[in-house]
Amino acid sequence: MIYVHWLFLVAYAVVVIGTMIAVIMDNRQPAKTMAWILVLWFIPLLGIVLYFFFGQNVRRDHIVSSKSLDQLTKRSMLEFVEQRNLSIPTVYRTLIDLFANQQLALPFKGNAVEIYTNGYEFFPALLRAISQARHHIHVDVFIFADDALGRLVADALIAKAREGVEVRLIYDDVANWQVKNSFYERMREEGIEVHPFMPVKFPVFTSKANYRNHRKVIVIDGRVGFIGGMNIALRYVQGFGKGDKHTAWRDTHMKIEGTAVYGLQRTFLIDWYFVDQTLISNRVYYPSDISKSADCLTQIVNSNPTDSWPTIEQGYVSIILNAKKYVYIETPYFLPTEPVLFAMRTAALSGVDVRLMLPLHNDSQIVQWATMSYVMETVEAGVKVILYKSGFNHSKILVSDDSLASCGSLNVDIRSFEHDFECNAFFYDKDMALRLKKVFTDDERDCVPLEDVKDLANRTFLQRLWESLVRLLSPLM
């Protein structure tokens, strides 16, 4: 019995030391490495579990090989060479090259963009586009709920599948854990190809639970694409809560028509290859006659925890640090990485008008507590923080200097930057920047400055201490 005891201790020590070596070999920031070593040393059993679920570095574990990515890009798009050799204004070249060099994320000209600022605008447009589909419908969403709206969209997809239209659906497995499989099975029985992204089945949990597909991309016939902050669920129309506690939902979504739909299609097909192991590279999915007279230069950029670099985070940092006049940001959650926080502080201290719009009341109290500790750091540097009071603002937009803008699925938080699969559209166009700037300034009318909210401006020491403690959990939120 004694020998078994010692054998267990030796095996346990080997696992702990091996895990520490793995942490060191990840070559992360020293502070993060030391934090994990301390966790493993002082609470070894729980520490190993936490590291397994939340600490492993999956960067460079590419979900698609370079060869497959080449097929999904160069061999599929007839206009690849033309787009690769676009004449790009010098002011945009550095940022465009940053994205192109990392992901073959090409800039596309000839795009028309329609902006939706609530579900009442977006979902009718989506249903109309679905009803007009002739060849294929590709849906890649974080949440596809089994509620009145989800069933309405599912019925629309089923109707098109019955007509012979190819319909493919990817939904995130963890985000939809409450949805019964029968909801998706009904679609499968009607000929729709349906796959969960990184399925995690109880009780066999893995570290995959921490890496989720947060994208919201829909492509119809390779001609029309949708991207933004809205998933397929009733709350994106009606809001949440009842009676006096009802909260309206404010969000931003977009319809893109033009060659940038190639980028959205590529995003979907990369994810499809991951979930189905089918490489779809037929040029029929990239029609050649889709350029629009409107000429909004657009780049579709993905950010994946399996990539070598946090692409969209790097883009945000670049935009903020290179801003000359202003940067306006809307995000529902603000738990930024250190590079983003540093960029915002630096820009504000340099005299750039940096404005950050957050919901006055978040849909998660623990997130709101953690957010306040970060917010006060930006305020001290001169960032103007304003709080949206007319509901829950789930919008995810960035606009700078009347020339650059972005909208997509990415929140300004550690989860989006480091752990989730995200997709944003970047617009290099004055008209588009001004349109999104107007969205921001319209929302600003429904905001209150942070310093005017007595409960937030005059927090006690214990409240601030609690917020700082909760902040330690930011990477897990």
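Note that Cβ sites are derived from N, Cα and C of the backbone, with glycine treated the same way.
Long-range C-beta contacts of H214 (active site), restricted to its own chain and to partners at least six residues apart, with a cutoff below 8 Å, comprise F142, D172, S409, L410, S416, D420, F421, E422. Under the heading active site, TrEMBL lists H214 (among others).
DSSP assigns K216 (active site) to coil in the three-state reduction, placing it in neither a helix nor a strand. Counting only residues at least six positions away in the same chain, the Cβ atoms of D140, V141, F142, F226, I227, G228, G229, M230, N231, H253, G408, S409, C423 sit under 8 Å from the Cβ of K216 (active site). Feature annotation from TrEMBL assigns active site to K216 (among others).
Secondary structure from DSSP puts D221 (active site) in coil. Close to D221 (active site) in the fold, though at least 6 residues off in sequence, lie A133, R134, H135, H136, I137, P287, each with a CB less than 8 Å from its CB. Taken from TrEMBL, the feature active site applies to D221 (among others).
Here H394 (active site) comes close to G229, M230, Y236, W249, R250, D251, P332, P359: these same-chain residues lie at least six apart in sequence, with C-beta atoms under 8 angstroms from its C-beta. What TrEMBL lists as active site is H394 (among others).
Per TrEMBL, the feature active site maps to K396 (among others). Summarising the environment of K396 (active site), the number of other Cβ atoms within 10 Å of its Cβ, over all protein chains shown, is 26. Under the DSSP three-state reduction, K396 (active site) is assigned to coil, being neither helix nor strand.
When Cβ atoms from all protein chains are considered, those within 10 Å of D401 (active site) total 19, not counting its own. The annotation active site is assigned in TrEMBL to D401 (among others).
Residues or ranges marked as domain 'PLD phosphodiesterase' by TrEMBL: 209-236 (among others). This prediction places the mean pLDDT of the domain 'PLD phosphodiesterase' (209-236) at 94.
Counting same-chain residues at least six beyond the ends of the domain 'PLD phosphodiesterase' (389-416), those with a Cβ under 8 angstroms from any Cβ of the stretch are 91-92, 95, 117, 142, 214-216, 227-230, 236, 239-240, 247-252, 254, 303, 312, 315-316, 319-320, 323-337, 340, 357-363, 422-430, 432-434, 436-437, 439-440, 443, 446-448, 474-475, 477. The feature domain 'PLD phosphodiesterase' is assigned by TrEMBL to 389-416 (among others).
If you look up TrEMBL, you'll see 6-24 (among others) marked as transmembrane segment.
According to TrEMBL, the feature transmembrane segment maps to 36-54 (among others).
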Q: Using DSSP, break the domain 'PLD phosphodiesterase' (389-416) down into helix, strand and coil residues and give each count.
A: 3 helix, 13 strand, 12 coil
